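**Student:** Sharing the features that TrEMBL gives for it:
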type: ACT_SITE; residues: E126; note: active site, proton acceptor
type: BINDING; residues: Y37, F38, A39, Y40, G41, S42; note: substrate binding site
type: COMPBIAS; residues: 218-231; note: compositional bias 'Basic and acidic residues'
type: REGION; residues: 218-241; note: region 'Disordered'
Amino acid sequence: MDISPSSSLNISLSCSSNPHFPAMPLPSSSSTKKTIYFAYGSNLWREQMRTRCPTSRYWGLARLKGYEWIIYERGYANVIEKEHTNDGRKIEEEADGKKKHDYSNEVWGLVYSLETEDEKRLDRNEGVPVSYQKEQIGCEFWPAEAEHNDSKEGRPDPSKRSKKIDMLLYINRNLKKVGDIKKEYVYRMNQGIADAVKEGMPKEYVEQVLREYIREEEDEIRHERVQETAERQAANFENER
């Protein structure tokens, strides 16, 4: 369902009594009422989120089941709800006889908390309500224990038991066709993929799903003008017609 830009979720993630869901400090604020946001596209790039939403805080890793990740006709990421889903249980056989998990019906992303002003900024960057609409959808969540920089200690651990909570997603249910990705978006997505893998996003998900649309950086993507455009879009997105 659609939610207004001012709506938010009042969720406490301090669960120290549960060893599978370690305690995580809440943002220092007079109120713990925050919007919990699931990023699955270029906002995986944590530097972009810090630039766009300066009071946002990274909280951890999440998975949305029953949806497929695509590049839709505008040239950016979207998620499509699947009418018939295997709920992530489908197994494929590899050439060496080993079995691998099928990630085609699930979407992985990073989780941030948003204050009201940052949510409004994000609405503008996401082109609400034309390019995307806002919904709350239940996602499986693995928290980061604390700010850990580049250390593995404190990172989300998807091998542990998750907690399901409703999160804000930007989604377009009307435009479902696959499109051609914007060049500058390739650059931003690769920055985001690098950050997300550090935070526990499965590498197999990257290879099976994201790399179907996003090639690894090549010389043309590193071209100075492409990078400049990407960094400008990261700071203040402008819709490209």
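Cβ atoms are placed via backbone N, Cα and C, with glycine included.
Annotations in TrEMBL come from automatic prediction, not curation.
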**Student:** Does DSSP put S42 (substrate binding site) in a helix, in a strand, or in coil?
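**Tutor:** Looking at the DSSP assignment, S42 (substrate binding site) belongs to a helix.
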**Student:** Cβ-Cβ under 8 Å from Y37 (substrate binding site), same chain, 6 or more residues apart: which ones?
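**Tutor:** Set apart from Y37 (substrate binding site) by at least 6 residues yet with Cβ under 8 Å, we have S56, V111, Y112, S113, L114, E119, L122, M167, L168.
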**Student:** Far apart in sequence but close in space: which same-chain residues, 6 or more away, have a Cβ under 8 Å from A39 (substrate binding site)?
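**Tutor:** Sequence-distant Cβ neighbours: M49, G109, L110, V111, Y112.
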**Student:** Rounded to a whole angstrom, what is the C-alpha distance between G41 (substrate binding site) and the residue listed as 'active site, proton acceptor'?
**Tutor:** 11
**Student:** What three-state class does DSSP give the residue listed as 'active site, proton acceptor'?
**Tutor:** helix
**Student:** Give the sequence-ordered set of same-chain residues, not counting Y37, F38, A39, Y40, G41, S42, with Cβ within 8 Å of the centre of the Cβ atoms defining the substrate site.
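**Tutor:** Here the nearby residues are N43, L44, A77, G109, L110, L169, Y170.
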**Student:** To the nearest whole angstrom, state the Cα distance for the pair F38 (substrate binding site) and E126 (active site, proton acceptor).
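**Tutor:** Cα to Cα, F38 (substrate binding site) and E126 (active site, proton acceptor) are separated by 13 Å.
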**Student:** Can you tell me the CA-to-CA distance separating E126 (active site, proton acceptor) and Y40 (substrate binding site), as a whole number of Å?
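**Tutor:** So the Cα of Y40 (substrate binding site) lies 12 Å away from that of E126 (active site, proton acceptor).
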